[in-house]
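Undergrad: Please find one structure pasted underneath; my questions will follow.
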Amino acid sequence: MAAAADLAQIPDVDIDSDGVFKYVLIRVHAVSPPGTPAGESKEIVRGYKWAEYHADIYDKVSGEMQKKGIDCECLGGGRISHQSQDKKIHVYGYSMGYGRAQHSISTEKIKARYPDYSVTWADDGY
């Protein structure tokens with residue numbers, strides 16, 4: 001069974017270094033025995049250029065988490081524009097399948113991972 005320490009080992013943010021790509025906001029939590037309260041959880045951001053669909057990212061991440069004994073749920077998706085040369089990241093849009101992620105949460109996570117970047121978000125666009 002996964003513990004809070006296992007959650008701490010999971011990076012909050014893993015996104016590609018350049019380009020415009022899809023991303024998902026995922027809540028990960030330790031699997032708790034039936035009838036017991038849910039354990040600790042946290043949100044993670046994952047975004048990759050290789051993903052044609054938001055579900056491609058979630059399927060890959062959820063498979064990796066299950067192997068570690070960690071449950072997860074997709075909270076929504078969107079797009080990320082990452083310009084590493086200009087140190088800019090913009091989070092926007094939504095996922096047709098999962099709906100719009102709370103970009104404000106994603107942005108806070110990204111700001112912590114890239115403290116010297118200008119990180120912005122908007123609910124518009126696709």
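One is the number of the first residue shown, and numbering goes on along the chain from there.
Every residue, even glycine, has its Cβ placed from backbone N, Cα and C.
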Undergrad: Kindly point out which candidate in LYS22, LYS42 is recorded by Swiss-Prot as part of the substrate site with SER95, MET96, GLY97.
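TA: The record-listed residue among the candidates is LYS22.
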Undergrad: Rounded to a whole angstrom, what is the C-alpha distance between MET96 (substrate binding site) and HIS54 (active site, proton acceptor)?
TA: 8
Undergrad: What is the set of residues, excluding LYS22, SER95, MET96, GLY97, whose C-beta falls within 8 angstroms of the centroid of the C-beta atoms at the substrate site?
TA: TYR53, HIS54, ALA55, GLY77, TYR94, TYR98
Undergrad: Which number gives the other C-beta atoms within 10 angstroms of the C-beta of MET96 (substrate binding site), all protein chains shown included?
TA: 10
Undergrad: How big is the gap, in Å, between the Cα of GLY97 (substrate binding site) and that of HIS54 (active site, proton acceptor), rounded to a whole number?
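TA: For GLY97 (substrate binding site) versus HIS54 (active site, proton acceptor), the Cα atoms are 8 Å apart.
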Undergrad: Does anything in the same chain, at least 6 positions from HIS54 (active site, proton acceptor), have a Cβ under 8 Å from its Cβ, and if so what?
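TA: Residues satisfying the criterion: LYS22, TYR23, VAL24, CYS74, GLY77, SER95, MET96, GLY97, TYR98.
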